Amino acid sequence: MIPEKRIIRRIQSGGCAIHCQDCSISQLCIPFTLNEHELDQLDNIIERKKPIQKGQTLFKAGDELKSLYAIRSGTIKSYTITEQGDEQITGFHLAGDLVGFDAIGSGHHPSFAQALETSMVCEIPFETLDDLSGKMPNLRQQMMRLMSGEIKGDQDMILLLSKKNAEERLAAFIYNLSRRFAQRGFSPREFRLTMTRGDIGNYLGLTVETISRLLGRFQKSGMLAVKGKYITIENNDALAQLAGHTRNVA
C-alpha cells in the first residue's frame with residue numbers, strides 16, 4: 001500500500017508526478033539501492049517537469065550548473081558547437097539516464113541538451129543532491145556508479161571512432177542502442193530511431209549518405225530490416241560480430 005503522505009505529495013505536485021519507488025526506470029537511475037526512507041528524502045527534492053517538447057533545450061553551453069536531469073521518457077541529445085560554428089553531437093540519452101554530469105567539474109555546462117522527441121524529465125537540484133548524498137552513503141555510491149558508467153561510455157565512443165571503419169561504427173551504434181533498449185524493458189530487436197540519420201552521422205563522424213547506404217547494405221545482407229525510422233534486427237549474431245561483440249543482444 002502507498003503511504004498517505006506519498007499520495008498527498010502526488011496530488012500537490014500535479015498529474016505528472018511519479019514517486020521514485022514507483023518509476024519504471026528507477027533501477028537505472030539514482031533510486032537504485034536506496035531504502036524507502038532514503039527514497040522519500042530523495043523524492044522530496046525532485047521536481048517533476050512538464051513534458052519537454054521536441055527541440056526544446058534543458059540547458060545551454062555556459063549555463064551555470066543548477067540541476068541534473070533524470071530522463072523518465074523520451075530521448076535527449078547532447079552536443080557542442082565547434083569553433084567553426086558546427087554542431088557536434090556527443091551523446092544520445094534515453095530513459096533512466098542522467099544528464100548534466102559533465103558540468104560538475106567547472107560548475108558550468110560545457111554542452112547543450114536538447115529533446116529529440118517529447119520527453120519527461122525529473123529536475124534534481126544539484127547542491128541539494130550533493131548535500132543529501134553526503135548524508136546517505138548509498139546515494140553517493142549510486143552517483144559514483146552512474147558517473148563511472150558515463151565515463152565508460154565516453155571511452156567506448158573514443159575507441160569506436162578511432163579503430164572502427166564506417167560499417168563497424170554503424171553496427172556498433174545499432175547494437176549498443178538495442179542493448180540499452182533491452183535494459184529499459186523494451187524490445188532489443190525492434191525499435192524506432194528517435195534521432196535522424198543526420199544526427200547519427202554527426203555522432204559517428206559519417207555523412208548522411210554513408211548512413212543511408214550502409215543501412216541499405218545491412219538490409220540487403222539480411223542483417224537488418226529498415227522501414228523509415230523503424231529497425232528490426234534480423235541476424236543478431238552477424239550484427240554483434242560486425243560491432244565487435246560475440247554475445248547476443250537479448
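Each residue, glycine too, has its Cβ placed from N, Cα and C.
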Per Swiss-Prot, the range holding region 'Activating region 1A', considering 36-40, 71-75, 216-220: 71-75
From 14-19, 92-97, 116-121, 200-205, the residue range that Swiss-Prot assigns the feature region 'Activating region 1B': 116-121
Other CB atoms within 10 A, centred on CYS122 ([4Fe-4S] cluster binding site): 24
Per-state residue totals over the region 'Activating region 2A' (47-50) - DSSP helix, strand, coil: 0 helix, 2 strand, 2 coil
DSSP three-state assignment for CYS122 ([4Fe-4S] cluster binding site): strand
Non-local residues, at least 6 beyond the ends, that sit with Cβ under 8 Å of the region 'Activating region 1B' (116-121): 16, 48-49, 51-54, 58, 69-77, 92, 99, 194-195, 199
